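Visitor: Sharing a structure below in structure tokens format, with a few things to ask.
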Amino acid sequence: MTDSGKQSFITDIHQLDKKGAGQAVVWQEEEGRRKKLKLTVPSTLPGEKVRVLIDWPKRRRAHARVEEVIERHPERLDPPCPHFDRCGGCVWQHWRYEGQLRHKTEQVKALLAQHGFDPDVVRETIGMEHPWHYRNKMEFTFSPEGLLGLHEQGNFRQVISLETCLIAGEKIVKAAMEVARWARDHQLPGYHKDTHEGLLRHVMVRESFATGEVMVALFATEAPEGELKEAAADLTERVTKALPDVKSLLWLENRAWADRTQAERTHVLAGRDFIYDELCGFRYRLWFDTFFQTNPVQAAKLVELALEMGEPKPHEKMIDLFCGVGTFSLPFAKRVKALAGIEIVETSIESAKRNAKDNGVDNTYFLARDARRGIDDVLEQFGRPELLLLDPPRSGAGGKVMRKIGRAQPKRVVYVSCNPETFVADIAELAPFGYVLKTVQPVDMFPHTAHVECCALLVKSS
Ligand SMILES: C[S@@+](CC[C@H](N)C(=O)[O-])C[C@H]1O[C@@H](n2cnc3c(N)ncnc32)[C@H](O)[C@@H]1O
């Protein structure tokens, strides 16, 4: 027991949890009985012996900070980012990249085996050659004091003031620092989530690695008018001077209670209200709220992989379910007779249609509909597809959608997943329809985090 009433324990890290933190168990004698406490210990690795300091909590689980690593994992590194211990952006900068990739492969294999699938269909995870500055989009938050930064690990109320970020594109960091200096120089107040007072809420920066174009979007509770007009003009001058690649500088009014980067009104301070990006030779217009793959280097590999696995043919019809703005639709449409894309967000569908037109793709049919209803509508109007690709959100497609896919009987299903757990549950629904899992290829879209993306092929056996 220390002077502060905390207790010190030496313990072994036995495994990692789903979010990438170490797990350990410690025991305490209390009134003659041994009590067990499960610990979550960020920034540790399996097999390490560590000293932690904790308040013994009332519950059986607690978060603990490492005081000392007594026995180090052979792949442990000194994390290069000064914010690593506090920032919620990365969890594994203390682990050699090869170890991260190996862990991701093993995680997918173990999950498949647990659900009765053959783990040998899983290939080694495809990593990045340079796993730094890979993100093409970041959202930063203002603290009530007006400091711009990222959320603290596990604490969405606390903002860590930003000095650098090693996973964001370099222009993104530069733009965010410029806006942070501007806010400080003008002494503009940050927004307070509890009282709903204050002005500055978020900054979202997008950078196209292909075209070089940058979008900077500032979210505030008021319009850039009246007393704010001068400050807005100064923001425009500073940002466009420091970053000539900013082709879209936006001031977005957001008065909603929800803590999201949404807007009631858009004010274009400089340039247009979208930027151009490119992926696999296709050109896309991206607005501030357009979903687009955030690691373009790995996204290009993912699209190539999906094409390789799906083997689209010129006489075939295909469905792209959860198609977004058409990242998979356009390259596939070039190789099939006709493609139908289904997506719930209307603006994404408008964008997909425009992207198809901009790229000279004229055999697509895009439908803004919930996947469940969309499949029925498309099957009715379009007929049975030979090939179906799905790329659902983290929650997965769900049993009803998967059974509809099974009944539609495409010959081949390519499943792109950002959550192995929902992926395994979804593909289990296809087994009774005669689908066999042929290949699972994990692709590391988010180095230094525990996220795992996979591209898988299922083929109808009879
Ligand atoms: C992981 S993203 C994939 C988007 C696209 N394939 C891409 O690579 O850009 C998942 C998409 O599913 C859409 N979505 C979420 N729920 C949906 C639903 N119930 N029905 C149809 N689309 C949905 C989201 O809007 C999002 O665009």
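Even glycines carry a Cβ here, placed using N, Cα and C.
Annotations in TrEMBL come from automatic prediction, not curation.
Reproduced below are the annotations present in TrEMBL:
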type     : residues                       : note
BINDING  : Gln293, Phe322, Glu343, Asp391 : S-adenosyl-L-methionine binding site
ACT_SITE : Cys418                         : active site, nucleophile
ACT_SITE : Cys418                         : active site
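Please go over these features one by one and say how buried each is and what sits next to it.
Guide: Secondary structure at Phe322 (S-adenosyl-L-methionine binding site), taken from DSSP and collapsed to helix, strand or coil, is coil. Contacts of Phe322 (S-adenosyl-L-methionine binding site) defined by a Cβ separation under 8 A and a same-chain sequence distance of 6+ are given as Ile342, Glu343, Ala371, Leu390, Asp391, Pro392, Pro393, Ala397, in order along the sequence.
Annotation note: Cys418 (active site, nucleophile) sits in a coil segment as assigned by DSSP. Counting every protein chain shown, 17 other Cβ atoms lie within 10 Å of the Cβ of Cys418 (active site, nucleophile).
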Visitor: Work out how many Å separate Cys418 (active site, nucleophile) and Gln293 (S-adenosyl-L-methionine binding site) at their Cα atoms, rounded off.
Guide: 11
Visitor: Determine the Cβ neighbour count for Gln293 (S-adenosyl-L-methionine binding site): the number of other Cβ atoms within 10 Å of its Cβ.
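Guide: Neighbour count, Cβ to Cβ under the 10 Å cut-off: 22.
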Visitor: Comparing the binding-site residues Glu343, Asp391, which residue's C-beta has the most other C-beta atoms within 10 angstroms in this structure?
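Guide: Sorting the candidates by Cβ neighbours within 10 Å, the top entry is Glu343.
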Visitor: Near the S-adenosyl-L-methionine site, what residues other than Gln293, Phe322, Glu343, Asp391 in the same chain have a C-beta no further than 8 Å from the centroid of the listed C-beta atoms?
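Guide: Neighbours within 8 Å of the Cβ centroid, excluding Gln293, Phe322, Glu343, Asp391: Phe291, Asp320, Cys323, Gly324, Thr327, Phe328, Pro392, Val416.
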